Amino acid sequence: MNAQEANFDGLVGPTHNYAGLSFGNVASLNNEKSAANPKAAAKQGLRKMKQLADLGFAQGVLPPQERPSLRLLRELGFSGKDADVIAKAAKQAPELLAAASSASAMWTANAATVSPSADTSDGRVHFTPANLCSKLHRAIEHEATRRTLSTLFADPTHFAVHEALTGTPALGDEGAANHTRFCAEYGKPGIEFFVYGRAEYRRGPEPKRFPARQTFEASRAVAHRHGLAEEATVYAQQDPDVIDAGVFHNDVISVGNRDTLFTHERAFVNKQAIYDTLTAALDARGARLNVIEVPDAAVSVNDAVTSYLFNSQLLSRADGSQVLVVPQECRENANVAAYLDRLAAGNGPIHDVLVFDLRESMKNGGGPACLRLRVVLNDAERAAVTSNVWINDTLFASLDAWIDRHYRDRLAPEDLADPALLDESRTALDELTQILRVGSLYDFQR
């Protein structure tokens, strides 16, 4: 059956700020306490969505989550009216207010792991929201993520939306940022590739400086609940040294699409064995793996982390050629820019490079790949998505005007204490649910 890969980008929320919450994420730590521009952030992401939609790619949008999270703050012991809760948190524990106010759900690569119907035992598209249990500000996302996915992908004939795995370190799950899929064609059975940072119950190398957020046990559990064939599921360990260099998810050091793996030479432990396993598995599915390995001598791990070369989108055009979507920081790094010029001029599958200004997201450690969740849908499955979430001229104009009406153009850490920010955010989100036709999605609407 004909199928297409859709990208569902997260719309940046009104509380986008730089609180430095993500240990192991170099950009997040380096920009802590800077002033952010939520309006610019949202518009940068929206423009990327629109340009890709204009190029013929299936492009959807996922709404922001409600922030600040009053539920979290009340759970942590702050009481009173909403304004009182925010004031108390700001005075007594500003770091907790920052966690409750994070707009990190914009990075939908961490929202869930998705397996298309061609790969699953029951022939449905399966979603497992990521528990993101390694960081407080992200661990509060999965319930709202499940509600959103269950709203958009509501037909049980076509879709299965699971609950997140239990939020324990042994099952630390960071979603699609550590998962990719290889196939001959999107609608045919493929190979699902899970990358983990450490294993809880068996010995192996681990990073020493920064935490490994994804466990083997979590990856395996997701594969099992999605009903994936064992012979079509491959696991690999990320090199702990690159985690210590700031590669906190695999999508900061490699990206895959269809028959192509674009990766840094230092991405994996026992890389040749991984390449061989992937090659054999994909060969059984009727395709030949094409590995584009970037040598450390051309692009160092530090270059990769600062430019986010691999936190790119690798997209297939209708004619089979591939385009690489990168942040503008790739053009500002001489080594990376030179490599991309050689890549596009070569005879490989990647023929074009598209460059986007995503500066606001990048300063928090999120490039093009972080902002999108890949969902392969056949024609019947796409028709079952009835919400108004597919980017076109009309929706783009509505969302662009909505951002103008509701978003601030400056938000510093101290502004999180402003009780008006909660009211502004709720007003914006209430209107957004009408634009997207997703019903009463948020707690404050119920």
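The backbone N, Cα and C atoms fix where each Cβ goes, glycine too.
The substrate binding site annotation in Swiss-Prot covers 19-28, ASN110, 137-138, ARG213, ASP251, ASN364 and rests on sequence analysis. Counting only same-chain residues six or more apart in sequence, the Cβ atoms lying under 8 angstroms from the Cβ of ARG138 (substrate binding site) belong to SER102, SER104, ASN110, LEU132.
Residues or ranges marked as active site in Swiss-Prot: GLU174 (among others). The number of other CB atoms found within 10 A of the CB of GLU174 (active site), across every protein chain shown, is 30. GLU174 (active site) falls outside any helix or strand according to DSSP and counts as coil.
Under 8 Å, Cβ to Cβ, and six or more positions away along its own chain, HIS249 (active site) finds ALA109, ASN110, GLU174, ALA177, ASN178, ARG213, GLN214, CYS370. Swiss-Prot lists HIS249 (among others) with the feature active site.
The active site, nucleophile annotation in Swiss-Prot covers CYS370 and is backed by sequence analysis.
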Which of ALA19, LEU21, CYS370, all recorded positions, has a Cβ with the fewest other Cβ atoms inside 10 Å: LEU21
Neighbour tally for ASN110 (substrate binding site), based on other Cβ positions within 10 Å of its Cβ: 30
Cβ contacts of ASP251 (substrate binding site) (under 8 Å, same chain, 6 or more positions away): ALA109, ALA176, ALA177, ASN178, PHE310, ASN311, ALA369, CYS370
